[in-house]
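> Marked as transmembrane segment by TrEMBL: B:27-47, B:67-85, B:92-109, B:145-163, B:183-208, B:215-239, B:245-275, B:287-309, B:372-392, B:423-441, B:461-485, B:497-516.
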Amino acid sequence: MTLIAERVSMRFGGLVALEDVSLAVPGTGIVGLIGPNGAGKTTLFNCLTGLSAPTSGRITLGGRPLPADPAEAMRGGVARTFQNIRLFGEMSVLDNVLVGRHSRIRQSLLGALVRSPGFRRSETEAAERARAELAFVGLDPDVRRPAGSLSYGDQRRVEIARALAGDPAVLMLDEPTAGMNGAETAAIGTLIRGIRDRGIAVVVIEHDTKFIFSLCDHVHVLVRGRMLVEGPPTSVRDDPRVIEAYLGTAEC
Amino acid sequence: MTLDDAKVLVDAPGGRHANPARHRPDLLAWAGAALVLVGALLPWAAFVLPGGAYPDRATLQFFDAPHLVSGFRLHLVLLGLAGLAGRARRPAGIGVVVIAVVHLAFLIGLGAPSAGGPVALVGGVLLVWRRPAVPALSLPLPGRVLAWPALLAAFAGLLWLVSATLTAGGQSRATNPHGGAEFLAFCGFAFALVGVLSAYGVLTWLAALTQRHRIFAFTVMLACALLLPVTGAGTGYWMTVASTIGVYAATAIGLNIVVGLAGLLDLGYVAFLGIGAFTAANLAHSVPFPVAALAGAAVAGFFGVVVGAPTLRVRGDYLAIVTLAFGEIFFRAAQNDIGGLTGGVNAIPGIPPITLFGQAFNQPVGALPGGFLYYGLAVLLVAAAMVVLVNLKHSRTGRAWEAIREDEDVARAMGVRTGRAKILAFLVGATMAGLAGAVFAHKLGTVGYESFDFSESVTLLAAVILGGMGTVPGAVVGASLLFVLPEKLREFSDYRLMLFGLALILIMRFRPRGLVSSS
């Protein structure tokens, strides 16, 4: 499914956060979104995940408009992680991932009350799937600890497993390597390629341009609310406008 | 703390091997244990008091028959012996201090000098003071051959403890002038007992066993609860007290769903108990009890949705205010007899007892005491509430509630329709309270608005927090404590709220996750 933003604008009072931004996330592949601080990356991200409705413009997923409601967007197939990790800290790691699976689990309240065979089957299936996602992101599926007690890097991985458990068509990662060292960043890069190879489209927001250029199939550069450049990493990297936006003009 | 964590702690350096008490004898602690033993055998009251001999022949007469060590003296001897073992020292010491302080306070109040009291108190303080910092042991989990008898023994022990705590000190001041002291001292002993077991990892071990053999454990627990009438607590009076506790415990479990699982602070929850009670009271003369009970549950559930609806817009403190207002609206409406449904200040009297198959529930059955049937009904109610809480907690719905409690925005982003989930939490919680309310009405025979004021909501909330939010036994433990204590300590009724407050502060300081908590 393709996630498309068409001429999306977002205004907060007089402030124009996004202006006529268009972006297409193809059904597979890794799309990078970079830009200096305050460029509107997070605002665009919030529109693409249903958190806020754009002032004008259209966002569609697989041809149908994306509901401006995070729960419905997730059900539609857009899953996300958070820049500052937001796990359900007191819940177990497995339960965190199971919450990500919430919208794909079919259970009736009555079935849960009497623990009917159908209910137990669906619980077993969901737990198996959650364990598989934990194993996929490289964590021990049998860990029983509360998620909040894991290390920083492992918490990021749980967030990714939680998002993957909901069978997303598009996975949105908000600065997945924030606060990580070189080796950890490389490991996350490998993980993201693994997600792409499962046929899930990935959108990555990052400050780390090196990481984005080595990882993505397609890169968008957002500057002051406008889409400045887009294209394959090699061409975007050498574009003088991008260098200017990041480093400023050479004065001589 | 989970079992895994405990194992790590024990194996880690600074755990088992670094326990200094193992290597060099702790003379002060041993002296403390010796003082406790000596104190237990010394006279506690120097003369026979006007109200009769102090509990357990604690006067000089004691030396007529020193081999008859019973009651709190027996407890002190046991705790003194336990104080010799490193791990048990601290809980045993706390128990000794509680017993000594309680008896000393009563003896001072009665104007009687005491010899044994101060000695035991010093011994207890020494035991607590010389505490070795030892983490709980982690015991291996046995197979079924050993696990089932262990669970049977554990629940039988629990039954004994509950029965002994209920009956400690007799049922009123009229029959036993020293009842308050005996009861409080027994609580100290019970606390020490549980503490010692916990220090040796037995409680964690039993919790893990219960978890593994869930159905067996639940059956045994239910059987033990129904056996209470054949213990020392099997009188009509204690059956009435116990069934009242059961009704409140079931209500507290319902509140635990709303507050503990979904994290929605509800300050007017007792209104749902009231709605169920008034509905059943109005229907009592026209329909059989099961119908009235279902109607009470349904009406309360309906109002649960009514209160739940505003939760879609407000959060946290604001939600608490909305629920507080709802509780107050209900209370005032009931007080003013709006619609002629609540009887106002006259209450609704003359509600007939539940009658099934020609047997009225307030009459004795065979050799069993009167009120036994209400007690059995209350036990079933609590059991049903427990099943609802546990089964929902480990389901899609329960996980969604917990996710909302932890971070509502993220729960939404994960596909949880939070509005529906929150209303469902209110619906389930209110339905359970309504059902409990119907039993409440029939059991009391009279329902008046005074039973549902704000302080009752606070007490229920305190029961949930005290016991441990989100845990199943927590609400039962909390409700039992909060509704047994006033019954047992009528002489302190003026200080009730102050003592509650004090207990809550202490719990929040030393066990912030409640008395029963998994981690």
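Using N, Cα and C of the backbone, Cβ positions are placed for all residues, glycine too.
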> Determine which residues of the chain contact the transmembrane segment (B:372-392) at the Cβ level, with the cut-off under 8 Å and only residues 6 or more beyond its ends counted.
218, 222, 225-226, 228-229, 234, 239-240, 242-247, 249-250, 253-254, 256-257, 261, 354, 359, 361-362, 364-365, 398, 401, 428, 432, 435-436, 439, 443, 472, 476
> Okay, the transmembrane segment (B:497-516) and the transmembrane segment (B:183-208): do they have at least three CB pairs under 8 Å, pairs separated by 6 or more?
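Judged by the Cβ rule, the two regions do not touch, with the required three close pairs absent.
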> Is the transmembrane segment (B:287-309) packed against any residues at least 6 beyond its ends, judged by a Cβ distance under 8 Å, and which are they?
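For the transmembrane segment (B:287-309), the nonlocal Cβ contacts are 266, 268, 271-273, 275-277, 279-280, 322-323, 326, 354-356, 422-423, 425-435, 437-439, 441-442.
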> Look at every Cβ pair spanning the transmembrane segment (B:461-485) and the transmembrane segment (B:245-275), keep those 6 or more apart in sequence, and say whether at least 3 of them are under 8 Å.
yes
> Where else in the chain does the transmembrane segment (B:423-441) make close Cβ contacts, counting only residues six or more beyond its ends and a cut-off under 8 Å?
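Beyond its ends, the transmembrane segment (B:423-441) has Cβ neighbours at 247-248, 250-251, 253-255, 257-258, 261-262, 264, 266, 269-270, 272-281, 284, 289, 292-301, 303-305, 307-309, 311-312, 348, 351, 354, 374, 377-378, 381, 385, 388, 392, 397, 401, 447, 451.
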> Given the cut-off of 8 Å on Cβ pairs that are 6 or more apart in sequence, determine whether the transmembrane segment (B:215-239) and the transmembrane segment (B:245-275) share at least 3 such pairs.
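Between the transmembrane segment (B:245-275) and the transmembrane segment (B:215-239), which are separate recorded stretches, there is no contact, as judged by 3 or more close Cβ pairs.
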